[in-house]
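Working notes, beginning with the structure itself.
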Amino acid sequence: MKQVDIFTDGSCLGNPGPGGWAAVLRYAGTQKELGGGFSGTTNNRMEILAVIEGLEALQEPCTVNLYTDSQYVRNAVEKKWLDSWQRNGWKTAARKPVKNKDLWLRLLPLLARHTVKFHWVRGHSGHPENELCDTIARGHASRGGLPPDTQAAG
């Protein structure tokens, strides 16, 4: 399998508010930058979406080192929160509906397709790729005319 590095970040100007996501993919000396945004969204939704979009951009199953500053996303996968949520009918330990279920459902088959290792990086600490992703995500969040995130409430 090909080895790919993916760096991701999400940004929200207000929470909820206009938000942006970014993913930078690196493979064999090439780099691809992706980004987008929505109005009326949250930072956590943009963080998850950045991971989804990065993984969806891969044309075949890959071994992925995924770098994120989102403990929420990383913990949901590595601490098996996703597994627990599924077993519990998409309810948290407190029996409340899991937020962002629509995005988690999009992420699950991507995690099954690729071999993904999550790496946490401290945000806003000078990590070059994280800073690049932050710039791209903020740029998208700052644009006018963003489509609404119609699933943001769920």
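Just so you know, glycine gets a Cβ as well, placed from its N, Cα and C.
According to Swiss-Prot:
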type	residues	note
BINDING	Asp9, Asp134	Mg(2+) 2 binding site
BINDING	Asp9, Glu47, Asp69	Mg(2+) 1 binding site
DOMAIN	1-142	domain 'RNase H type-1'
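Counting residues per DSSP class in helix, strand and coil order gives 57 helix, 49 strand, 36 coil for the domain 'RNase H type-1' (1-142). Summed and averaged per residue, pLDDT over the domain 'RNase H type-1' (1-142) gives 96. Long-range Cβ neighbours of Asp134 (Mg(2+) 2 binding site) (same chain, at least 6 residues apart, Cβ-Cβ under 8 Å): Asp9, Ser11, Ala22, Gly123, His124. Candidate binding-site residues: Asp9, Glu47, Asp69. Fewest other C-beta atoms within 10 angstroms, Asp69. Same-chain residues that are not part of Asp9, Glu47, Asp69 yet have a Cβ within 8 Å of the Cβ center of the Mg(2+) 1 site turn out to be Thr8, Gly10, Ser11, Met46, Ala50, Thr68, Ser70, Val73, Gly123, Asn130, Cys133, Asp134, Ala137.
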